[in-house]
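Over in TrEMBL, the protein carries these features:
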type	residues	note
DOMAIN	C:1-532	domain 'Cytochrome oxidase subunit I profile'
TRANSMEM	C:15-37	transmembrane segment
TRANSMEM	C:72-96	transmembrane segment
TRANSMEM	C:108-130	transmembrane segment
TRANSMEM	C:150-172	transmembrane segment
TRANSMEM	C:193-220	transmembrane segment
TRANSMEM	C:258-276	transmembrane segment
TRANSMEM	C:288-307	transmembrane segment
TRANSMEM	C:319-341	transmembrane segment
TRANSMEM	C:353-376	transmembrane segment
TRANSMEM	C:388-411	transmembrane segment
TRANSMEM	C:423-449	transmembrane segment
TRANSMEM	C:469-493	transmembrane segment
Amino acid sequence: MSTSVEEKSQPSSDTPTSTSTSARTLALPEDASVDGHRIDALLGWSHRFEAGMAALALGWMVVAVWRFRGSKRAASDGGTKRSRAWVLGLALSTFLVVDGALLVGSEGYLRDVLWNLDVPAKDPRTVRIEINAHQWSWEARYAGEDGRFNTPDDVVTWNDLRVPAGVPVWVQLVSTDVVHGFSLPNFRVKLDAIPGRVNQTWFRAAREGAWEVACYQHCGTSHYRMRGELRALSAEAYAAWLREAGRQAVQAYDVDDSAAHWGWEWKAP
Amino acid sequence: MSAERKPAVDGPRSSESETRADATPPSRSQPLGMTPLPAASDARTENANAEGTAWLGTVLGLAAWTMFFASLAFAVGWYRMREPWPTLPVSLLGLSLTGLLLLVGSAVLHLGLRRRESPWPARGALLLGLGFLALQAMWTHQAWWTEHVRIPEGGVSASAFHGLTALHALHVLVVTFNLFLVCWRHTRGADVRASLRRHVLGWHFVTAMWVLLFVAVYLP
Amino acid sequence: MSLLSLDHKAVARRYLWSGLGFLLLGGLLALAIRWQWAWPGRSVPGLAWALPESHGALTPPTYTAVFTMHGLVMIFFAVTPLLFGALGHFVLPLAIGARGLAFPRLSALGYWVYALGGVLMLASFAVRLGPASAGWTAYPPLSTSAFTPGLGQTLVTVAVLCAGTSAFTYGLNFVVTVARCRAPGMTWGRLPLTVWGLFFASVLNVVFVPVLAAATVLLLMDRLLGTQFFIAGAAAVGGGGDPVVYQHLFWLFGHPEVYILILPAWGMVGDLVAFFSRKPAHGYRLTAGAMGTVSALSGLVYAHHLFTSGMSPLLGRTFMVLTLLISLPAEVMFLNWLMTLWRGSVRLTSPMLAALATMVVFGLGGITGLALGAVATDVPLHGTLWVVGHFHLTMGAASFLGLFAGLYFWFPKMFGRALHEGLAKVHVLSSAVLFLGVFGGQLAAGYAGQLRRLYDPYQYTYLKHLLPLNQWTTVCAFLLGAAQVVFVVNLVWTLRRGRAAEANPWQVGTLEWTCASSPPGEGNFTQVPVVLRGPHALSQPEVLEQLGRDWIGQAEVLPGVAREGAGEEALATVSTVRSVT
């Protein structure tokens, strides 16, 4: 029922779309980020453990029911010291292995990627984007050539993010009205856009292409239409686009349009 | 209470539906495993028991309801950490004197419980409670009309001042009303000592919550 | 009349009928959601009378109201009232040998507050702009009147407050009842696990419902009085508050709430598995202790719901560790259940099948939650149907099946009539399988990235290929709904002409089956029993030898075995109990 919308918003260029590669049902969305594979690998491992646990528990249950169904005699004790120790030991070792793996793996990712804003802060190529979430669209602001926000050459787009591939993209996020959720399913990025505060995150696109921006927090009637597009371009294409868009922005700049000047001084991490 | 039991057998039984003939009607069936020992009981211990149960219920209920005020204080604490908290234009001394009424009431009631029979501590506390409510109303009135601490213009601090004061006053109102009922029953000759003991707990509770309110909202 | 009766069994029955009614309503709302995901925008069969303008098709505003009300109805008006209001009210006093609840008037009042809330919920469907639509979590600013105007949202918020009040009253009532009204000899170590589960859940109710009340009252003030607690930074509304405060308060209640919904079911599974393996529960103390540990931890893990809210790394790490920690006691408990089966004599009765099914769905639900407890793996899954599938398996399917395990088990005690065992088994098994189909499908869709609460998920290119999967899931959901007809038929038929229940159909020793009639009369017991042993004294050799059966009542004196000795011991307990009071 939404084909016309889809077709209009498809990138016109020859960039690949996500549908072509990630049409498998039982898989995470295609990973288009540099670092997302670490989450995927961790999830994969955790699923293996979990499948093992499920098989063990279910198998145990089935065997127990099968073997002891209606048996003549039942044990009269509520477990021996040894059997209880076994339960504790088994629980503890499962916990240490499964939860431990999750914890260690997760911690590594947090330390190196998710909460390590040093990477975008120190990289001179980093692209900074301010995003303002509305009911029901994503408004994005680029600093333009002067590198400062809220100046006439700021490039402002709607539901249309453009980033260079392979370069850290540092996003600071606010909301104008209600709580929204900024997610890039193909980049393993999720962050709440909450009125009254600036949240930040960062990611790197692994390659050129077009992907989707989705809202994951219920934000009202048209929550489902809060869809944006993210295009990863080559460094040159990105620079060219930004230059041209900035030039147009300067021409269209209107000092009195205070609603358009929502940008803020970039916040230190 | 007989209506409670709607056992299968009492109604006109449709004979065809029965698979097993009922030797004993379900409502009367004496279960197999029952050979209970005689349990002694006498009215006085039972009564004391019921009183103890009610007291425990009150203590636990009030203790748990502390979480309500703790959550409100958590919220206000959060706002205060975010941004500087404006000083209230209402006299802090006046507010603390108002709270003093509750504290005095607590003391009066506590001492009054030791002197068994006199109805005056409870009646005195009743007055103190009404006085507290009147003064709190006066402060909020003054804040609103004279000092222009208003909702929504005053932002979150005005919301906290008016909102939390009102929520607390609502609790004081309930406690005072309960106390009034106790006094009233007392004048009609009922033995109210046990119930007074419980309602005094309520008073101590609102007093403690007032301290929390004072620290969380009123202090600059 | 029974509507005014203060008897705990009458109150339980009131909760049972109201709860089942709301369960039906919540289930129908769920089917409407599922329909929308399988055939977006197409007319829902049978809904044309309610939505004449769209010929029965859900529109985006109706859809948001439907999923919001589904969550609220199920949590606050169906599952909690059925587990606590119906089963808890009925079983708890009987199982501990009490003549009633500690505060009978409070329990009756609690029901009427709940009923008032229920009426407000139903009324909200009739007001202009419809019922609540800001999601069951009602995050502000969306849930403030600036973004969700209309009376419906307000009515529903008040209704939730009512349900919370009722939960607080029965929570308090249960805690005090267990603490004060146990029969002589019913030590803490002899409580059935069901009572332990209800007890811990009641403690959680009492402690955390006030937090919900605080959040809800602040929200109501924002809606009605114009306060600014949760309104922030928004150009449209101004304000200096902070919506995140609400999220913290809400989840500080909300996460314990999911344990509130599952703890009674855990307790029942623990008991039923022992009963129908005909042997004592393995590691009774460990199981009870594990439930207690989970309850204690449950208030300390809540912020994993906020991993993506931009919390400080310190908080994020703390809550990640605490969240993962809670899986340890849950594993201990689960293994104890499995160990109870081992070397038992397993009888697959309908309550046992339901208990085993509860174990399966709860096990899968718990396992699928692990990845949500670690920040990194939470990121791709947060806000997707994976989360929905996970928590529906635990607090939806597991609570539901646990509820039916309890209902099938205690139905003869409640009504004096025996349900049809075959129909009950069909109902339990088909429900369990279809639950796995529905929520398994949701897990798969969520893993592939499908976000929750989307009116039309296929707006997104990367979700288009999930349409067939969602259609299959929806088919399972409708079959699941149809399977409930089996229960209704069984219920109606049994109540009208079912056979009279035996005195102790399951052959277990707990007080309600061995010391009270079916249904129990006023005051429950002709004489308050003096308890001599734990709840799972099954297959004890000396009992087998002397009584020729594998069970013995908790208050039953074993003939011959030093009647005096046992009696004296019990009487000694009585006297200590009394001297303490």
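Placement of Cβ uses the backbone N, Cα and C atoms for every residue, glycine included.
Automatic prediction, not curation, is the source of TrEMBL annotations.
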**Complete:** Per the Cβ under 8 Å criterion, with at least 6 residues separating them from its ends, the transmembrane segment (C:319-341) contacts 266, 269-270, 273-274, 277, 279-283, 286-287, 289-291, 293-294, 297-298, 300-304, 307, 359, 362-363, 366, 370, 373-375
**Prompt:** Looking only at residues six or more beyond either end of the transmembrane segment (C:72-96), which have a C-beta under 8 A from one in the stretch?
**Reply:** 8-9, 11-16, 18-20, 22-23, 25-26, 29-30, 107, 110-111, 114, 117-118, 121, 132, 136, 156, 159-160, 163-164, 166-167, 170-171, 174, 177-178, 181-183, 186, 191-192, 194-195, 198, 201-202, 205, 257, 260-261, 264-265, 268, 395-396, 399-400, 402-403, 406-407, 410, 413-414, 510-512, 516, 520, 524, 535
**Complete:** If one takes Cβ-Cβ under 8 Å and requires six or more residues beyond its ends, the residues near the transmembrane segment (C:423-449) are 34, 348, 350, 353-354, 357, 360-361, 364-365, 368, 380-381, 384-390, 392-393, 396-397, 400-401, 404-405, 408, 462-463, 465-466, 469-470, 472-473, 476-477, 479-480, 483-484, 486-487, 489-490
**When counting Cβ pairs under 8 Å to the transmembrane segment (C:388-411), the leader among C:15-37, C:193-220, C:288-307, C:353-376** = C:353-376
**Asked** Sequence-remote contacts (6 or more beyond its ends) of the transmembrane segment (C:258-276), Cβ cut-off under 8 Å?
**Response** 75, 79-80, 83-84, 87-88, 167, 192-198, 200-201, 204-205, 208, 287, 291, 294-295, 298, 333, 336-337, 340-341, 346-349, 351-352, 354-356, 358-359, 362, 391, 394-395, 398-399, 401-403, 405-406, 409, 506, 508, 510, 535-536, 538
**Tertiary contacts of the transmembrane segment (C:15-37), as residues 6+ beyond its ends and Cβ separation under 8 Å** = 44, 47, 58, 63, 66-67, 69-70, 73-74, 77-79, 81-82, 84-86, 89, 111, 114-115, 118, 121, 414, 438, 455-457, 470, 473-474, 477-478, 481, 484
**Message:** What residues elsewhere in the chain lie close to the transmembrane segment (C:288-307), defined as a C-beta under 8 angstroms and at least 6 residues from its ends?
**Reply:** 191, 193, 196-197, 200-201, 203-204, 207-208, 244, 247-248, 251-252, 254-256, 259, 263, 266-267, 315-316, 319-320, 322-323, 325-326, 329-330, 332-333, 336, 372-373, 375, 378-379, 382
**Item:** Sequence-remote partners of the transmembrane segment (C:108-130) [C-beta within less than 8 Å, at least six residues beyond its ends]
**Value:** 4-6, 11, 14-15, 18, 22, 61-62, 65, 69, 72-73, 76-77, 81, 85, 149-153, 155-156, 158-163, 165-166, 169-170, 173
**Request:** Using a Cβ-Cβ cut-off of under 8 Å, list the residues of the same chain that are 6+ residues beyond the ends of the transmembrane segment (C:193-220) and lie near it.
**Result:** 83-84, 88, 91-92, 95-96, 138, 140, 143-144, 154, 157-158, 160-161, 164-165, 167-168, 170-175, 178, 227, 229-230, 246, 249-250, 252-254, 256-257, 259-260, 263-268, 270-271, 274, 281, 284, 287-288, 291-292, 294-295, 298-299, 406, 535
